[in-house]
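The domain 'Major facilitator superfamily (MFS) profile' annotation in TrEMBL covers 17-326. Residues annotated as transmembrane segment in TrEMBL: 15-34, 54-74, 86-104, 116-133, 145-167, 173-191, 203-225, 231-249, 269-295.
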Amino acid sequence: MDKIQADGLPLPQRYGAILTIIIGISMAVLDGAIANVALPTIATDLQASAARSIWVVNAYQIAIVVSLLSLSFLGDMFGYRRIYKYGLVIFLFSSLFCALSDSLEMLTLARVAQGFGGAALMSVNTALIRLIYPQRHLGRGMGINSFIVAVSSAAGPTIAAAILSIASWKWLFLINVPLGIIALLLAMRFLPPNSARSAKPRFDLPSAVMNALTFGLLITALSGFAQGQPLTLIGAELAVMLVVGFFFIRRQLSLPVPLLPIDLLRIPLFSLSICTSICSFCAQMLAMVSLPFYLQTVLGRSEVETGLLLTPWPLATMVMAPLAAT
């Protein structure tokens, strides 16, 4: 077992394992993008306002952000393969629940569960790649992972447009069911276990709660600002976020194995890249959520046209990402 962990998996098993990662990450990334195109249609079908229907997207993103660190830590404790398999199961059933939803509240709740499943997949996929590929080919595995994320982001609007041109928005989620079953079967057969640990790190529940509150309130406040919510409410959310965030950071500095390694922020280049990534993510999310409403409601574009018009943005990201990394 130790030899396998050090040298990666043998070739037949390696192909099955990386295929499992590809399917899982593709589903998680795609479901963060395809719902944007269908938001106006979902709002009309479920008789919801544009402001309320945005929570179909927000619920998924918030669930991922608030649980990503905790699930990554649990992967260290209980095994990356186990967390990945649980993530596939949650993602599969929540996708079915999304398709069966007949109200915005049901759909939003299902999207929260789907976000938790997606976070489980995203939190351990890189760690699994380190177990799948031998050290000399690790760059190849990471490159495949980055390429799949970029392609899934780029293909999201186009895939959504193609599905919506022949079926209802429910099929945006139903398509995950057969893919999830295939990925789960592959995971049970091919994914490697963690190497044995002499001592498991202790999961700090207060840190997990404070992490969820800090990042959840931040995204909720930003979303509220974009939707024109009262400034008093937004200010209250930011104030609570700052207070909780202060105690969260203080607690991380006192733990031997923190949930969030704050000491890394002392590296100037790392801190700058994190701040840039956060600002870029927030700006892109605001634009990608609002553009479908503008294109379909104001300009009168169809769902298919909206998907095609949104495609160049992530497509350019896919092309530029490898160049930016060099």
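Yeah, the Cβs are placed from backbone N, Cα and C, and that goes for glycine too.
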Any chance you could find the range in 15-34, 54-74, 116-133, 203-225 with the most Cβ pairs under 8 Å to the transmembrane segment (145-167)?
15-34
Taking a Cβ cut-off under 8 Å, which residues six or more beyond the ends of the transmembrane segment (86-104) line up next to it in the same chain?
24, 27-28, 31, 42, 46, 48, 52-53, 55-56, 71, 110-111, 113-114, 116-121, 123-124, 170-171, 173-174, 176-177, 180-181, 183-184, 187
Which range out of 54-74, 116-133, 173-191, 203-225 gives the transmembrane segment (15-34) the most CB pairs under 8 Å?
173-191
If I take every residue in the domain 'Major facilitator superfamily (MFS) profile' (17-326) and average their pLDDT values, what number comes out?
84
